[in-house]
Structures are given as C-alpha cells and as structure tokens.
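For reference, Swiss-Prot has these:
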type: DOMAIN; residues: 366-465; note: domain 'PFU'
type: DOMAIN; residues: 533-794; note: domain 'PUL'
type: MOD_RES; residues: Ser50; note: phosphoserine
type: MOD_RES; residues: Lys529; note: N6-acetyllysine
type: REPEAT; residues: 17-56; note: repeat 'WD 1'
type: REPEAT; residues: 63-107; note: repeat 'WD 2'
type: REPEAT; residues: 110-148; note: repeat 'WD 3'
type: REPEAT; residues: 149-188; note: repeat 'WD 4'
type: REPEAT; residues: 190-227; note: repeat 'WD 5'
type: REPEAT; residues: 229-268; note: repeat 'WD 6'
type: REPEAT; residues: 546-588; note: repeat 'ARM 1'
type: REPEAT; residues: 589-620; note: repeat 'ARM 2'
type: REPEAT; residues: 621-669; note: repeat 'ARM 3'
type: REPEAT; residues: 670-715; note: repeat 'ARM 4'
type: REPEAT; residues: 716-755; note: repeat 'ARM 5'
type: REPEAT; residues: 756-795; note: repeat 'ARM 6'
Amino acid sequence: MASGAARYRLSCSLPGHELDVRGLVCCLYPPGAFVSVSRDRTTRLWAPDSPNRGFTEMHCMSGHSNFVSCVCIIPSSDIYPHGLIATGGNDHNICIFSLDSPMPLYILKGHKDTVCSLSSGKFGTLLSGSWDTTAKVWLNDKCMMTLQGHTAAVWAVKILPEQGLMLTGSADKTIKLWKAGRCERTFSGHEDCVRGLAILSETEFLSCANDASIRRWQITGECLGVYYGHTNYIYSISVFPNCRDFVTTAEDRSLRIWKHGECAQTIRLPAQSIWCCCVLDNGDIVVGASDGIIRVFTEADERTASAEEIKAFERELSQATIDSKTGDLGDINAEQLPGREHLNEPGTREGQTRLIRDGERVEAYQWSVSDGRWIKIGDVVGSSGANQQTSGKVLYEGKEFDYVFSIDVNEGGPSYKLPYNVSDDPWLVAYNFLQKNDLNPMFLDQVAKFIIDNTKGQTLGLGNTSFSDPFTGGGRYVPGTSGPSNTVQTADPFTGAGRYMPGSAGMDTTMAGVDPFTGNSAYRSAASKTVNIYFPKKEALTFDQANPTQILGKLKELNGSAPEEKKLTEDDLVLLEKILSLICGNASEKPTAQQLQVLWKAINWPEDIVFPALDILRLSIKHPSVNENFCNEKEGDQFSSHLINLLNPKGKPANQLLALRTFCNCFVSQAGQKLMMSQRESLMSHAIELKSGSNKNIHIALATLTLNYSVCFHKDHNIEGKAQCLSVISTILEVVQDLEATFRLLVALGTLISDDSNAIQLAKSLGVDSQIKKYASVSEPAKVSECCRLILNLL
C-alpha cells in the first residue's frame, strides 16, 4: 500500500464483557450491528450509534452453562425476518436466539465436547465443529448428519451454499471438503492446527493456522499462495466486502490487514490474545481480545476516535508488557540494543518494529506511516544476554529451558524429566510429556496444573483465577499430534455370453405395464404429464427375474470346487432345488428348516464360487418364512454382517451385485424391513463405496436400495434417515451414467421430499436441485425427464 493511502485507526473501544471475547459476527439487524460472545457466558448485540461512530449494547443473551466459544447468524426467514443468532459453547451445546428474548428459542444437543465453530447456509442449515472431532449439519432443530473423518478437534467450519459444499479445518492440520455428507477432498499443507477459514468466492477460500501462516486454496485442491507476517498462532480470519482483501488476528497481540496479498498494516493491541475479528459492511474492523474489550478500527475520518481517545489507547498500549520469550519480537540481546536516539530515524515500512534500550528497560516501538512517528507498543520483559549464564537457562538433552522438572507419577517408581519454557503452552507441554513417556492421559490436568503452579508470574497468557491456554481459553483441550472395479458386460456380467446370468434380465414387478419401473427404455406414461405417477413410491422394489435351471446348473458345477467340508451332498442339492421350485412356482408350501440350513451352508462358500447360492438367497428372501428365518432379531445381525462383507470394493462384482439385490428384496416383509432399518448406517456406508465402479447393474441395485429406504422413511418421517438417503442420492448422481439407475434415484429423491418441508430444505442446501436440472432435458427414456421436472417443481 502506498504511504499516502488511508490507514486504519481506532474508532471506539467497547467494554462490557467480563472475560475474553471469543467470537464476533456481523448482524442482519439492525444494519451495521454485530454480535459478540465471551468466556463470561454471554452473547451481546451491539447496534451502531448514529450518525457516525460508536456502538451501544442493545441486547444481552444468556443460555450457556459454560464459556461461549463461537457465533454465527442464521439468515432471515418468513418466521424470523431478522434472522437468528447461533452460539456454541464449552457446555457442548448450540443455543439459538431471536432478537426479542434474552433466553434461547431452543438448544441443539448432540456434540460430545466443546462446540468451537459455526457457519450457516441456506434454508436454515447450520454447520458446527467441535472438539469431539466431528462436524454436524443441522436443519432447524434437528441434526441431519454427522461429518466424521478428522482425528482431532474441528476448529473451523464454513459452508459454500451455492455448490452445497462444506469445509472443515482441524487440529489434525488438515482441511476437508464435504459434499452431501461425504469427504470429497483433503487439503494438506499447514504444519499446525487449522484455526480459521474464510470464503473468497465459489472456488477459493483462505485458511489460517497455529503455524502462523495463511493459505489461499482452490476448492479443487491447489494451494495458490502462502502468506506470512504473524509471529504466533493465528486465531481468526475475515474477508472484506470486496472478497479479495482480508484481516487476521493472532496470539502476537496484533491485528493485521492484508491487501493485494501483502500485509498492508499491523495494529498492536494491549492484550496478549486477539481471538477474533469481523469486517462490517462499511469496511470497519471489529476485534475481540483476551482483555474482554471489543475494539473497532476504521479508515473513515468521520468514524475515527478523538485525539484524546487515541492518546489514551496509545498510552494503554505503551504500558503493556511484552515477554521476550514469546518470540514475537525476534531474538533479543539487551546489551546490543541502541538507545533512544535510534527513534530519530524514520521507519521503512508500516508496522515495522524497533527495540531500544532506555537504562535497564527495553521498549518496543512500531512505525506508523500515516503519523510519521514511532508509537510505543510496550515494555519488553525477560530480555537478557544470549548466553546460559545471563539467561538463567537449564540445559537438557542439548537444549536450553527455563525449567526442567522431575515428575514422580507413581510412588516408588521412576521420575520423569519435564523441560519447560515460559513461552510454551502448559497444556501442550503436559500432553506431549504424557505421550512421550507413555503415561495415562488422565494425568493431563494434574501435570498442567503442576506446571502452572510452579511457574506462576511467568507463564504467558494465564490469569489468576483460571487456567487458560491460547488454543481455547478453557484449559481443557488436548490438541492432536501430527497427525477396483471391473467393467461388466450387460449380456453376462459374470460367466460369459449364453451362460448363467444372475438377475441379468433386470426388474420385474407384478404390475407390468403400469409401474414405470417395469417398462424398458421405451416406456411412455399414458397419463397427463401434470399427473405424478412416479412418487411417492409406496412399496419396496424387488429383483425377481430368475432362471432356476441355469442357477442350479452353475451351483452343481461349482460344488466340485468347494472345500471338502463345505461341499453339498446330493441330498443337499435336492433340497436347494426344492427351495427354488417352491419360490419360483409361487407354491403355498413353506421351505423347511433343513432346506434353510443347507442354503446358509451354501452362501458361506468361498467368495470365488458363492454367487449362485447368493442368487438362490436373493429369490428366497422374498418368501415370508425365509425372510423371518434370516432377518429375525436373533439371526439378523449375523446374516446382514455376512452380506455386508461381500460389499467390499475389492471383492467380486457378482457377489456385490447379488448382495445388494438380496438387501433390496429383504424389504418385502416386516422382519426384513426392521433389520434393514437397524442396519441402515452400516449398510449404506458400505454400499456407497461401490459407486465408483462402472458396473451399471451395481448402480441400479444401489439406486434401488436407496429407493427402498426412501419408501420406509416416507412412512415414518425419520429426518436423520432421510438426510443419509439424500446424501447417498447426491453422491451417486455425481458418478452414475445409466439412466435406469438415475431414474430410480430421482424416484427416491421425490419420495423423500414429498410432503416434508424439512427434507425439501435439506435437499436444497445440498445443492440437489442444481445437480438434477440436466435430467429435465433427457428425451429417452421420457420417464427420467418427467420425474425430474416434477421434483424441480417441489424444489
């Protein structure tokens, strides 16, 4: 920035909070307002004074039983035209406030540890990040899905609403991109905990971390730039209205303003931890710090503080103390520093820091280009010469430390050495000490308290009444340490043309000529296009096609390859033949227990030869007595686990296909339906792994499984189950090419959102509407475009 350009100066200081200000966000109403949250357990709304500068506390809200860590604004709706305020706390809860009540409208419970980050999207969706290593997606007062994948606390979350994408940043040093509940990409590059995220555009975002760096990313994965300037943990980042420039705050007591990719201005504050910041619509910057004061900085002359207020701020800043051991000012050797005459020389850049010696004191000054002078930013404490004798350091394993403690964990046991510098975080040191010596993590509080008690008066950032670390202010967080598919031809996916083809003829139903699922690709609806004949689907869809002669022939052929202990006898083969005859002939007779025992024996054949037995199971499971036998509460878990194991992406495509079709057919009876619902999360998470292959039959089976779950959820309105199905639908639509699979996914989608406004909003938030628009122009088969247009009318 040129020296003549406008500089940010203090506009006002806002006392009110009694402890650290941990979060800030611009508010929708009144215009120009913002919301703050604090460790004092309160949330406060600040409205601008008119016409120029200053803010007044308009509303104070309470609801958390512990520190409040983060805040965001939920956009306006018909019911709440001024939007809602969401806050997350150390009590594991999220409180939702309106502007007309000091108490929460409702509280979201579900996280198992501190909620430390929030972001809102369209249609009432909310994304939360927690120390419990998860992020959760909420719609109104319900949890829609949980994002699992990080190995440490999720410190930062952001929603990119236009694409239905979500970002999470973690103490495991990574950032993850999520779509429809699934991790699509992991960004690696930061060398320490990721603390903040900010959106630049639909394709780019920024991140900041404890490694004192800021990174600019494309959502495709490329890191476009790394920015350095801070000398300690960076806690927050906020973007200007131009969506290009940004501001950051950090543990180095500074607010930094970045323009055109460079640090254009550094503003020091009289507090150690500058926890949070936000940029108002008029370009003013609001910051919150560990001293409980909110400060606003502006470029506008009409909103700049009076000369007396600026002098008072500079006086407060000059009286602050800076510990030399934080490293914020570089290596300091007091004996080699110049005297006050050095301040007669002008600085070379905005924010340049200069240290001078005044008798026994070391003072820190910062150059202000706009004022053309050096401004004192504090007295440096703890500065000394550079040798061990003058510094009072203790050598341990070749390194210098302020302290080396002997820790006795067990009486009579060995003692452990614990090296510590006063610039270190006591909780992190305690954590690393326990990890290094393989000690029980339950000792964390005890060891950290030992460090704090024995370094009182010298440990950075600690008050007299609480144990606070620069990660959280709460003193309890333990940060993590560094941390094939084969193409299958339609004619015969398994054994060759003209041979046994399990289920290759596709779908049959008892209502041929009426149900659009039963027609081939030339199907046309006889009804008017204004009449919806596609969804909601009321009954499960099954795979019925069979050729018993070919199935038995293949079974007998492969029986010779089975291990001796698993070979079927001639009597066994006769029993299986009777099952097939009974099932395919629609006889009223029930399969016997002996027949079902032989079938169980057959489906436990080795994976290379088991597929004909699975095909018999696929057909048999539709029979009520067979369904009850395999899907009852006693046998169901073992049965489903066996089939789920066959869904291994590295397994045989024939087994994958027939296992999926068997699961689809389980839905026809009450016992099977109950089992499928109880196994939903495990089954769907394994089944979705098969989406990446090119086998269209597997895609159709996967779509049918999702459709059958949708039928169940349409009946009982399980919003969590609907969320998982919507996620699966969105994920499969990204890769599927077969139009029959696409059609079934569309019917599943329509069934899920029919008569359910919450499901409609969730589908919108996932970007499903934009995802399916391309199918509205499909000409063959017509059922695809007709179904798609009906869904778009709902969305």
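Cβ atoms here come from the backbone N, Cα and C positions, even for glycine.
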DSSP says what for the repeat 'ARM 2' (589-620): how many helix, strand, coil residues?
20 helix, 0 strand, 12 coil
Where among 17-56, 63-107, 110-148, 229-268, 546-588 do we find the most Cβ pairs under 8 Å to the repeat 'ARM 3' (621-669)?
546-588
Would you mind listing the long-range same-chain contacts of the repeat 'WD 4' (149-188), meaning Cβ under 8 Å and 6+ residues beyond its ends?
113-114, 116-122, 125, 127-135, 137, 194-199, 202, 205, 207, 209, 217, 219-221, 223, 471, 477, 479-480, 482-483, 688, 723-724, 726-731, 734, 765-768, 770-771
Same-chain residues near the repeat 'WD 1' (17-56), Cβ under 8 Å, at least 6 residues beyond its ends:
11, 62-73, 75-76, 82-83, 85, 87, 89, 95, 97, 99, 273, 275-282, 286-294, 296, 298, 302-305, 468, 473-474
How many of the residues that make up the repeat 'ARM 6' (756-795) does DSSP mark as helix, as strand and as coil?
32 helix, 0 strand, 8 coil
On the 0 to 100 scale, where does the mean pLDDT of the repeat 'WD 4' (149-188) fall?
93
For a quick check of packing: other C-beta atoms within 10 Å of the C-beta of Ser50 (phosphoserine), how many?
8
